[in-house]
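J.: Straight from TrEMBL, here's the annotation block:
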COILED    145-175  coiled coil
TRANSMEM  228-247  transmembrane segment
DOMAIN    267-308  domain 'Mechanosensitive ion channel transmembrane helices 2/3'
TRANSMEM  268-286  transmembrane segment
DOMAIN    309-391  domain 'Mechanosensitive ion channel MscS'
Amino acid sequence: MKKILVFLLFCFALYAEENATLEQNVSQNLQNSELIKEISNLDNSLKNNIWITRYANYNTYQKLLDELEQNENELKKLDKGSKRGGDLIKRSQTLKEQINLLKEYEKTPFSNMLAAPELETPPRINSPVALVSGFSYIKKIRSDKIEYQRHIKELDTLLEKLEAKENLLNRLNLIDDSEQNRASLNLAKQEIGDFKAAKQIADTTYSVYEKRADEAVNMTTSDIKAQFLSMGYTAIVILLTIGLTFIAKFIVKRTITDNERFYTVNKFLNVLNITVIIIILLFSYIENVTYLVTVLGFASAGIAIAMKDMFMSMLGWMVIMFGGTIHVGDRVRVYHDGSEFVGDVIDISLLRLTVFEDVSYSTYKTNRRAGRIIFVPNNYIFTDLIANYSHYGMKTVWDGIDVVISFDSNHKKAAYLAKNIVKKYSKGYTDIAKRQMNKLRSQYSIKNPNVEPRIYTFFEPYGINISCWFMSNSYATLALRSTISAEIIEAFLAHDDIKIAYPTQTMFIGKKETPSDHVAHAEQEGENI
């Protein structure tokens, strides 16, 4: 009985030991599966990592080199004419093509990724326009710096995952110490070593790059601040110039009562203000003004030819403004290419005169249009005729009226009547003209200052021409001309011995004469005589 109990106890213990071993194996298999799954998940997460991709390409390049070397060594031992030799030659060519595709991985796998971004020379901020390039430069450097930091962070994350993979492989080797697991562990350790070396290089490179980048940013920022400060000073000077111009305009407005003089002085102040501002900007933002003047001197010939009319207009403006030939408000007549315009100058700009066309004798006889704004280039004063009806304060101009009377009219009476009428209606303008002529003689040599009305008598094909000349308002000649014309007509019509002549034609209506009849008629007239 005891023997049976001992045997049963032995069998029970043996069964329990087998069950424990079986449970242990099942547990190890489960752990092994979980570890393999975790390792697989890590590999999947690293599949698209740029660092892993480049490292894999580098390893592929090294394997291809080793395979090519083995292939070449084996080819040396074989006959190239054999089938095996031909296959090895083709394989060598294929390997060389693959190696050529991976040429960038010849030295290191991370040379391109570890290289710091190239730092360009900081731009010179010497004008407000250059501020744009300065801000763009700073933005680019900061963007490159952030991108390089991102690469380093990706490398840190990669190392963390590789170290986690190494821990999993160590645990897996404790459970299953197979050749494959040991090889995977050694490969992981090698990868970690290579990536740690790359991390050290990246940290060192980034440290140097960061200092250089910060220095470049600080230099550019300092230049930008200096440029803003210079802009502030320039703006203050320009504002002071504008303020002084407004003060000068205010003083001129209070002291000058003549509108024409006020307009001229106001225009001069505007031009002077703009010129001073341009000079301030030139000396503020052009480093070498002498160099600019030299370049413009060499280029002036070509510029003068290409922009001849514009330069001539500018020169004409200088002649007009400083010569005093034409002022705003003057009545002028412009004649160009057969076209004639009479009007008042309403503006004188750097390139042109602006003339408001008025109703005048030229309008009445030629244009039949008025009220237009005529733009006259300033260079016309050199090439065309521009007459000033009110130069040097003159407010009168000679005007004339022609009246033709018949040959049998009393031409002396007609001339007397016309002279009285002209004197009567032009007396006021004659007195004004006398005063202005005396003033004008102090400026110019005038041989005949007589401004009294003048009456001339001439032979014309259809009668005797009574030509009346008198002083009239420069700005309203038609009004006085119309009044005098009407008065002369009424005066001539009131006298029977004065007849206004005009072209006439006499027609004889009767029987058509033959040449013989005409001769007989002529002889009869001769006998009557």
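Every residue, even glycine, has its Cβ placed from backbone N, Cα and C.
Walk me through where these features lie, including what they touch and how far apart they are.
T.: Across the domain 'Mechanosensitive ion channel MscS' (309-391), the model assigns an average pLDDT of 87.
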J.: Where else in the chain does the transmembrane segment (228-247) make close Cβ contacts, counting only residues six or more beyond its ends and a cut-off under 8 Å?
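T.: Those are 128, 131, 269-270, 272-273, 276-277, 280-281, 284, in sequence order.
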J.: According to DSSP, how is the domain 'Mechanosensitive ion channel MscS' (309-391) divided among helix, strand and coil residues?
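T.: Residue counts in helix, strand and coil order: 27 helix, 31 strand, 25 coil.
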